[in-house]
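A.B. asks: Quick one: the structure is below, and I'll ask about it shortly.
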Amino acid sequence: MPLSPEQLEQIDAQRSQTQQTLRVVSAGMESHLYKAHEVLDHGFVRVVDYMGDDGAIVQAARVSYGAGTKKARNDEGLIRYLMRHWHSTPFEMCEIKLHVKLPVFVARQWIRHRTANVNEYSARYSILDREFYIPAPEHLAAQSTVNNQGRGDVLTGDEAQRVLDILRSDAGRAYDHYEQMLNQEGQEGLARELARMNLPANIYTQWYWKVDLHNLFHFLRLRADAHAQYEIRAYADVMCKIVADWVPAAYSAFEDYRMGGANFSAKGLDCIRRMIAGEEVTQEGSGMSKGEWREFEAALKG
Ligand SMILES: Cc1cc2nc3c(=O)[nH]c(=O)nc-3n(C[C@H](O)[C@H](O)[C@H](O)COP(=O)(O)OP(=O)(O)OC[C@H]3O[C@@H](n4cnc5c(N)ncnc54)[C@H](O)[C@@H]3O)c2cc1C
């Protein structure tokens, strides 16, 4: 269970307190505030706080473009213009603070996004819970034979069971030893900051993660993408839904230009122009490498 009854009680208590404010609120985001969205087997994402809405993006953009834009473009059109032209700073006017519970190996990928503020649970100060990520059967897959950084077929039968048994018994044994090493119940034991070092990377950690919308879109573009590892993508997918409710116009522009759109090189554009003119273009005549051509074709076919 990702959330204990006490945590659920705390969330209910937080949601029952309301305050009057002169600040902008997003109705879509208010419905998410404090609620935990379950991810993987013990993880969650929940919004702890946020600032701004679609209007905040527009308001900031109008400081730079002046009142004239009000007549020329509606708010949604202006947001699409900003996204299309990589005018990113207005999106930085919105911020979000999340509480995330995630396996350590997912946290290692996540923390590479340096443009956020992070405060993590201290395993020097506190004892980690006995909670490990064990993939659901449909996510227990073999190494891909075509992609060094990906998965192939799902394991089944005895092979799936063998792998699950190893994952469970290694995690359980490592945690038993962690507990035995800890300084508790009158034993001298080992300090928490040292005892944790034999714990596996599928143990769960937690952090608060605060980021502005521009950098969050960058995170989502990379981590909600089909090429991202499933386990981090599971978090990114939930975050996409939250952002869509928070800033619907900005999310829709992001979905259109970034998630659903594609970038082409000068060679790629040249090939498209030649194709439109009726020429049959092949990889050999494209000036692209085999890898580039494969990705180019995939982008065109969708
Ligand atoms: C599918 C996939 C596979 C990956 N594989 C690997 C891998 O094998 N090995 C590996 O090490 N990493 C890997 N990564 C991580 C990747 O290289 C990036 O570290 C990660 O995605 C964070 O991206 P970022 O630096 O753009 O994000 P952020 O750190 O959020 O930075 C956002 C942007 O800010 C700017 N910026 C931030 N900090 C600096 C700085 N110090 N100097 C200059 N500009 C800065 C850059 O323009 C950057 O794009 C992978 C990522 C993905 C999505």
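Quick reminder: no glycine exception, Cβ is built from N, Cα and C everywhere.
From TrEMBL, here are the annotated features:
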type	residues	note
ACT_SITE	Arg223	active site, involved in ionization of N3 of dUMP, leading to its activation
BINDING	Thr89, Arg112, His113, Arg114, Glu120, Asp212, Leu213, His214, His218	FAD binding site
BINDING	Gln109, Trp110, Ile111, Arg112, Glu120, Tyr121, Ser122, Ala123, Arg124, Arg196, Arg223	dUMP binding site
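How buried are the listed features, and what sits near them?
C.D. replies: Sequence-distant contacts (6 or more apart, same chain, Cβ under 8 Å) of Arg223 (active site, involved in ionization of N3 of dUMP, leading to its activation) comprise Gln109, Trp110, Ile232, Arg233, Tyr235, Ala236.
Sequence-distant neighbours of His113 (FAD binding site) (same chain, 6+ apart, CB under 8 A from its CB) are Val211, Asn215, His218, Phe219.
Counting every protein chain shown, the number of other Cβ atoms lying within 10 Å of the Cβ of Ser122 (dUMP binding site) is 11.
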A.B. asks: Taking a cut-off of under 6 Å between Cβ and any atom of ligand 1, tell me which of the binding-site residues Thr89, Gln109, Ile111, His113, Glu120, Leu213 pass.
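C.D. replies: His113, by Cβ distance under 6 Å.
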A.B. asks: Would you measure the largest Cα separation among Gln109, Trp110, Ile111, Arg112, Glu120, Tyr121, Ser122, Ala123, Arg124, Arg196, Arg223 for the dUMP site and round it to whole Å?
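C.D. replies: Of all Cα pairs among the recorded dUMP binders, the widest measures 29 Å.
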A.B. asks: Look up Arg124 (dUMP binding site) in the DSSP assignment and report helix, strand or coil.
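C.D. replies: Assignment for Arg124 (dUMP binding site) reads coil.
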A.B. asks: Fill in the CA-CA distance, Thr89 (FAD binding site) to Ile111 (dUMP binding site), as an integer in Å.
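C.D. replies: Approximately 22 Å lies between the Cα of Thr89 (FAD binding site) and that of Ile111 (dUMP binding site).
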A.B. asks: If I take the alpha carbons of Leu213 (FAD binding site) and Ile111 (dUMP binding site), what is the distance between them in whole Å?
C.D. replies: 17
A.B. asks: Which entry in the list of binding-site residues, Thr89, Gln109, Ile111, Arg124, His218, has its Cβ near the fewest other Cβ atoms, using 10 Å as the limit?
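C.D. replies: Candidates: the binding-site residues Thr89, Gln109, Ile111, Arg124, His218. Fewest Cβ atoms within 10 Å: Arg124.
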